[in-house]
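Chemist: If you scroll down you'll find the structure; I have some questions about it.
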Amino acid sequence: MSDEVGTGARREPGRRRLVLWRHGQTPWNVENRFQGKTDIPLNETGLAQAARAARLLAGLHPTAIVASPLKRAADTAAALAEITGLEVAYDQDLVERDGGEWEGLTGAEIRARYPAEHAVWQPPGGETSAQVAKRVSAALERAADALPPDGVLVVASHGAALRLGMCGLLGFPEEIWERFGGLSNCCWSVLAEARDGGWRLVEHNAGTLPQPVLSDDRPAQDDRNGTAAT
């Protein structure tokens, strides 16, 4: 990454955990449309996914919940808040990657209209991977700094945003973010605080049973249908 993001030095050492929870399914996920910052709500399946996942995450005894203010993430967080009694804080820096001219387009439409940009996965008029990694990892560090030493923070956000944020927290260059497998709807990753105040990845794309990843990741070479929306 071009800029260093928080190292954890501001915090008292502890055993904090960050649970990075992707929102439930939306109509645009099903239609393979790039969502980005477009405010698409959960569909009925997504609401059910959020309720089911919330029951599991409540067993981790979270001490705080923070969410993207986009409705699909906010409503996912609300399912956990209802069970735990915790209030949800919102951070604009946790919204999904700005997809620029790609938002609302299907994966096939993106490939056809923007072949060069699709090849490097850079939406015209949208954010770069470096920009997203910097803002999301900074938001995660701010939220972590507010936790008690043994706190558990659940972050309800978006697939690309969370994976790029993980790159920042783990000290990886954002160029390798796709090496983290995708986050399925309403699945999560867990980062645990390391002894030096940094972070280590202890779980990725956890949930119940494996689910397909309907996300705005660049499609794998053997995925001819492509993917669009997170």
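Keep in mind that glycine also has a Cβ here, set from the backbone N, Cα and C atoms.
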Chemist: ARG22, HIS23, GLY24, GLN25, THR26, PRO27, TRP28, ASN29 bind substrate according to TrEMBL; which of ARG52, ARG55, ARG72, ARG97 goes with them?
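Modeler: Within the candidate list, TrEMBL flags ARG72.
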Chemist: What does the structure give for the C-alpha distance between GLU96 (active site, proton donor/acceptor) and GLY24 (substrate binding site)? Integer Å is fine.
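Modeler: GLU96 (active site, proton donor/acceptor) and GLY24 (substrate binding site) have their Cα atoms 14 Å apart.
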Chemist: Between the recorded positions HIS23, THR26, TRP28, GLU96, whose Cβ has more other Cβ atoms within 10 Å than any of the rest?
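Modeler: Highest number of other Cβ atoms within 10 Å: HIS23.
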